[in-house]
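Here is what TrEMBL says about this protein:
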type: TRANSMEM; residues: 7-28; note: transmembrane segment
type: TRANSMEM; residues: 40-61; note: transmembrane segment
type: TRANSMEM; residues: 81-101; note: transmembrane segment
type: TRANSMEM; residues: 107-126; note: transmembrane segment
type: TRANSMEM; residues: 133-155; note: transmembrane segment
type: TRANSMEM; residues: 167-188; note: transmembrane segment
type: TRANSMEM; residues: 209-229; note: transmembrane segment
type: TRANSMEM; residues: 249-271; note: transmembrane segment
type: TRANSMEM; residues: 278-296; note: transmembrane segment
type: TRANSMEM; residues: 302-319; note: transmembrane segment
Amino acid sequence: MSERVRWWAVVLVNIVFLLGGQSVASFLGRIYYDQGGRSLWMATVVQSCGTPLAVPLLLYFRRRPRSTAVTRPPLLKISAIYAGLGVLLAADNLMYSYALLYLPLSTYSLICATQLSFNAVFSYFLNKEKFTALILNSVVLLTFSAALVGVSHGSDGTNSSVPEGKFPLGFALTLSASALFSLILSLMQLTFDKVLKSDTLYDVMEMQFWSNTAAAVVSVAGLFISGEWSSLDGEMDGYKKGKVAYGMTLAWTAISWQLATVGMMGLVAAVSSLFTNVISTVGLPLSPIVAVIFFGDRMDGVKVLAMLIGVWGFLSYIYQHYLDDAKVKKILAERLADDDEHQTV
């Protein structure tokens, strides 16, 4: 298997993890609220408490031989970076928990597409990401897609148990969470490039494990400090589908978020934070459709237009990567031809 094919295989696996985990986790998060769940800190905890699932992979990749050319940064430095990322992740997860409570799933998903625009700015300044006309087109279209939803207050019709009068706050929290999420992705890429100076699978799993462990510690602390832990027994007893369904909903949400996180960090390491954000918007046309079918969200003309604009923006970015890949293949082919010519001479 060639190096390029192996790279694409890794990228595709991470794409599946990110899209599958993200879609299922958002779906289960909305179900949690609709069936009687009300603990915002519990909804935050499950976004990072699945870290033990990564231990077997972390141990496996640690046993594999590593390059001696890369010097590991000091333990104190890398610990501080992972702890800082964990605190930011916990804050971001909490804002997403509020946003998902205050907005229908379809509206929430469309507004989340703004994270690509935020990430474009952070990638430009922190990661030296180059912009082309197609990438700029993608960013602008996805921003317009979310803006259409934001200015259309009537697009929040749903059969879900969404509190009335919370649309402005939900919109602001979703935007804030999207901006912070984009900053986190760019900081992760910066860590791979400038601190770790490596993007092996072990490095990916290590960052995923320790940053999410820190986020889980902060979230659990928030659960107890806020006093919400004392209401969990009553919440479980009052859950519409029963105690078993309550536990299964939280468990599968945690598993789904861990799969999404592994895919996200894998793509950041293999490609870039901006590419990761673009891939995460692939779920844009799926979530509103799922929300209409399962939650009775209203798919009006504004949402349809926003969805189509978002899809066009995503395809613009994918086409740019196709052009970049074709350019790389052409350069490699020319080099091979030159080498063959020199050998013949």
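Quick reminder: no glycine exception, Cβ is built from N, Cα and C everywhere.
Whatever TrEMBL says is automated annotation, not expert-curated.
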For the transmembrane segment (249-271): best-contacting stretch of 7-28, 107-126, 167-188, 209-229, by Cβ pairs under 8 Å: 7-28
Cβ contacts under 8 Å made by the transmembrane segment (81-101) with residues that lie 6+ beyond its boundaries: 26, 29-30, 33, 40-41, 43-44, 47-48, 108, 111, 162-163, 166, 169-170, 173-174, 176-177, 180-181, 183-184, 187-188, 191, 195, 207, 210-219, 222
The transmembrane segment (209-229) in contact with the transmembrane segment (107-126), cutoff 8 A, at least 3 CB pairs, sep 6+: no
